[in-house]
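A.B. asks: I have a structure here, written as C-alpha cells, and I will follow up with some questions on it.
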Amino acid sequence: MKKIEMYHHKKVLVLGLARSGVSAATIMHKLGAFVTVNDQKPFSENPEAQGLLEQGIKVICGSHPIELLDEGFELVIKNPGIPYNNPMIEKALKLKIPVITEVELAYQISEAPIVGITGTNGKTTTTTIIHHMLNAHKENSSLLAGNIGFPASAVAENATSDQYISMELSSFQLMGVETFKPHISVITNIYEAHLDYHTDRSEYVQAKWHIQKNQTADDFLVINWDQEELKNLTKQTKAQVIPFSTTQRLGQGSYVQNGNIMFNDEVIGARDNILLPGEHNLENVLASVAVAKTLGVTNEEIMHVLETFKGVEHRTQFVVEWQGRKFYNDSKATNILATQSALKGFKNPVVLLAGGLDRGNSFDELLPFFKNVKALIVFGETADKIGRVGKIAGIDVHYVDNVEAAVPVAYRESAPGDIILLSPACASWDQYRTFEVRGNAYMDAIGELIEEVEK
C-alpha cells in the first residue's frame, strides 16, 4: 500500500458500512485519519460496526443524524448504494465537504495498475474472464475487486506493482471518483438502467464515462463499437481507443470474421470453441480479448480460458437437471436487457421467475421475448407490472410472495424438457440484501424441492 500522508489527522466520515465501508474505515484508520462510521443498522445487530469499535474507530448506528455533519468533517466516504439526493450527502455537498466512494481511496493507495470494467450488462463476466486470462499468462498477476470479489480498497491495500487489479465498477461507484485512473478502462455497453438512482439517462451515461476521465495517452479505453453513443463519446477521451464489435469487421481491435475471434487482423481462435453461450457473452469475450492482447497474453492462453470458462455464478448459471427440467440461476439479471439476453439463449419452453425492486419500468420491452415462455411466476414490488405483460402475451401468470415460494410453483407448471429460469429483470433490494442472496435463496429452494419430492 502506498503510504500517503494526505489523510493523516484528517477528520473522515464513512457513511454506510457493508463490505466497502468496513474496508474504507479500516484503511483510513491505518492512515492516521480520525474516523467516524455512521450506519443505519442498530449497533446490536451490526457485527461490522462492533468490529470497528474494537479497533478504536468511533461508531454511530441506528440512524443517519443530519447534525453529525456539523462536527467539522473534512471528507465523506459514502457507500455507493447511498444516492446523492440523500439528505446527508446533500448537506455534505452544501457544506463543501468532498464526497468520494471507496474506489477513489483504492486508487490512491494502490501500487498496482487497475483494469476497470463498467457497463450496464456483462461487467461481472468480462471482469472475471480478464482476471482468468491474466492469471493464465502469469500466475497471481490479477486480483479481483469491486462489485465482484473483495472491496476495491482491501485488494488495493495488499496489491503489488507487478500485479493488476481487475476491478468491476458500477455507475454508483464511478460517480464518486476524483483522481481515479485505470490503466485500461472497459465499457461493455450502455443501456437505460438505475433511473431510480440517477436523475436521468444523461447522468447515468456520464457516471459510466467517468471511468476514463483521468486517463492519458499512455492508457487504453476498450469500448463497444456497435453502440453509436459510445463511439461518439470516444472523441472526448485522451486514452488510446481499442474498439470491439460483434457485428463489424473492424480490422483493428477485436471482432469476429469467418467464424474466428480476431484482434488487429490476427486470428485468436475459433468462435465455436468458446464455452460460454449467447450473443451477449460474445461482447464480453471480445472486450476481454482486447484487454488480454493489450497486456501481452498469448492466443493459446486466451483460448484456454475461453474453452474452459463456464460462466459466473448467478449469471445464467446452470444449477441442476432434475425430473427432465433444467434449472438456471440468473439472479444477476437486475435489469430488463439482462433478462432479454437470457431468454434469447433458450430454445426450449421456459418457466420464468421474475420480479423485484420497482424502478419505474413498465416491462413492455419483455413482450417480444416471451414467445418461448409458457408460464410466468412473479414476486416482489414489480409483480403486478411484469404479470400484466405476461397476460398480454397470453401466458399463465402466478403471483407468489418471494423466490422461495416461486420454485415449487415453477416445478408444478413445468414439464420434462422445460427450462426453469430465475431471471428477475429487477434489483433484489425490495426483499433481498443482494442479488447473490436472492440467487442462493433460489438454489436452496431447488434443493428443498428435490428433497421434498424424493422423500
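Glycine residues also receive a Cβ, built from the backbone N, Cα and C atoms like all the rest.
Straight from Swiss-Prot, here's the annotation block:
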| type | residues | note |
| --- | --- | --- |
| BINDING | Gly119, Thr120, Asn121, Gly122, Lys123, Thr124, Thr125 | ATP binding site |
A.B. asks: Which site among Thr120, Asn121, Thr124, Thr125 has the most other CB atoms no more than 10 Å from its CB, taking these as binding-site residues?
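C.D. replies: Max Cβ neighbours within 10 Å, all protein chains included: Thr125.
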A.B. asks: Any same-chain residues 6+ apart from Gly119 (ATP binding site) with CB under 8 Å of its CB? Would you list them in sequence order, or say none?
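C.D. replies: Within the chain, Gly119 (ATP binding site) has Cβ neighbours under 8 Å at Thr126, Val186, Ile187, Thr188, Asn189, Ile190, Lys208, Asn224.
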A.B. asks: Reduce the DSSP letter at Thr125 (ATP binding site) to three states and note it down.
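C.D. replies: DSSP assigns Thr125 (ATP binding site) to helix.
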A.B. asks: Going by DSSP, is Thr120 (ATP binding site) part of a helix, a strand, or coil?
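C.D. replies: Where Thr120 (ATP binding site) sits, the three-state DSSP reduction gives coil.
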A.B. asks: Count the Cβ atoms, other than its own, that fall within 10 Å of the Cβ of Lys123 (ATP binding site), considering every protein chain shown.
C.D. replies: 26
A.B. asks: Within its own chain, what residues at least 6 apart in sequence put their Cβ under 8 Å from the Cβ of Gly122 (ATP binding site), listed in sequence order?
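C.D. replies: Spatial neighbours, sequence-distant, of Gly122 (ATP binding site): Thr188, Asn189, His280, Asn281, Glu283, Asn284, Ala287.
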A.B. asks: Please list, in sequence order, every residue of the chain apart from Gly119, Thr120, Asn121, Gly122, Lys123, Thr124, Thr125 whose Cβ lies within 8 Å of the Cβ centroid of the ATP site.
C.D. replies: Ile117, Thr126, Thr188, Asn189, Asn284
